[in-house]
């Protein structure tokens, strides 16, 4: 492929070149010094587009000399999506044992040694856990003696040997590792919980303590845990510990939303005027979180206030101060899902690395001084959405089997935004308030049923709300992602552009997404629909006098027309020996059953040549199944009641009772209502 364009006096040509298992995107620029001069300067830059597993690893050692300066950073950030740490070390160690023939020349050997030291020093500095989690020291003991003998590699060699020694000692000790993902705090004693005690803490103090918790979690977040290909494996058997840093953030989001619910619902005997003061307190806390650029806590509070157990308390909302209500509506608008969370992204772009939030000076001047400037804690769900969409929409491999490294470049753009925000939080200093922390940890966990029972005790339900349709994600006019070119300009200013690198590619994927603004409180990954769910679980229509929760209870459109083929994201599960694993698949209105099965097998790393041996089954509510015809159009054959599918060998008999009901958190998207939960399962 060859593309040529003109820019002023420049003539630029983009071509693709394949060489020894690697495809390069090459940009050749020809610039005239002056319009009348026949002389011109030619520059050439290239970056890897795709390659074999081995060649991509070896390119780590050659990328500097070839001008592909970002390759090492991108590779180390994303390689876990397509290759293991052990395999990377084995390939590099083999090369050190058998260096290229021309490395005997002095200047070539120096360049090669420098590249080796740079790669391993960067890797060890940025991702030391990759080495510490190897399990056995043998690879490090093999690698260390092969490093360059000059002084530049002394510290590197010693560091690797220390880690090898630690691994040896760890292997001799009994296994006392506690799975970070399986940790759950014990439920507090409800009889000792004082819900109205929250009124005794200043809103600024509560927000400060919440920001302290969120900041520590965000700084400890491992960015690559957010990659769609890794996050999608969280429910796979034997992978319970994967993405533990993301799970920790989700648990805090749920805990805070639960705190709002419990404090507002537990005192069932309060008068409406008294309960309204609790709502006003949490709205004030949300404002203070906004002033501290703590968007994670802000969203958790707003989501809880918008959830049905609180949303339906008509009398309480009527007693809430009008000015407080106006400010609450403004805060709610920040997380509108309109245009792929465009307002949230714009705020991150404007305030991401600034010292203060762009809010009413009343808040900044009253509580935040120059010495207390804070970093930005984002709502992580926005980044998880981008990375999940990228993983779903762009192929992992090209048609010739090469690993699609352009996909990793796009994923890195999202990870780079996370890391930049993390850097703004690393120097933040907080002081713990033991009284608030003690109250916060004393809050009992409410289930959905308990929340609605308390809510109904406070205000008896009126007429039942009609059951809404299952939300789905409808996609129109999906562009051909494989043909788009990466940004080769290297503009560092574009790194912090929170309009999302997937917006140009995937804005139409999320254009028709509808998500209820409710909190992720009840941790449940069940695929079945609970028919015993009380009618009150479904959103009630806000009264005319209250303009709250604009997005609460929206029904999605299931028939959206577009000029391009319609598409949907579905989740397809296979029964593998190592557990149940779901992968998201794009299904277009042109896709027949064999094509969908072929794509699903590829996503599950199974042999796509076995397509004819499988059948595609849609999993419906109440344990029912719909077998998609072998030569049918999947898009039109499926029903709108479910987006979950099973890939089953023909003649097999897989009981639906084997579907995983993991107690662990399955998403960061708000989902307390049954419809919200199913939407999150659609996305993740």
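Just so you know, glycine gets a Cβ as well, placed from its N, Cα and C.
Heads up, TrEMBL stuff is auto-annotated, nobody curated it.
Copied over from TrEMBL:
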- 525-543: compositional bias 'Polar residues' (COMPBIAS)
- 551-562: compositional bias 'Polar residues' (COMPBIAS)
- 44-168: domain 'N-terminal Ras-GEF' (DOMAIN)
- 202-461: domain 'Ras-GEF' (DOMAIN)
- 566-652: domain 'Ras-associating' (DOMAIN)
- 525-565: region 'Disordered' (REGION)
Number of helical, extended and coil residues in the domain 'Ras-associating' (566-652), per DSSP: 24 helix, 38 strand, 25 coil
Segment-level pLDDT (mean, integer) for the domain 'Ras-associating' (566-652): 83
Counts by DSSP class (helix H/G/I, strand E/B, coil) across the domain 'N-terminal Ras-GEF' (44-168): 91 helix, 8 strand, 26 coil
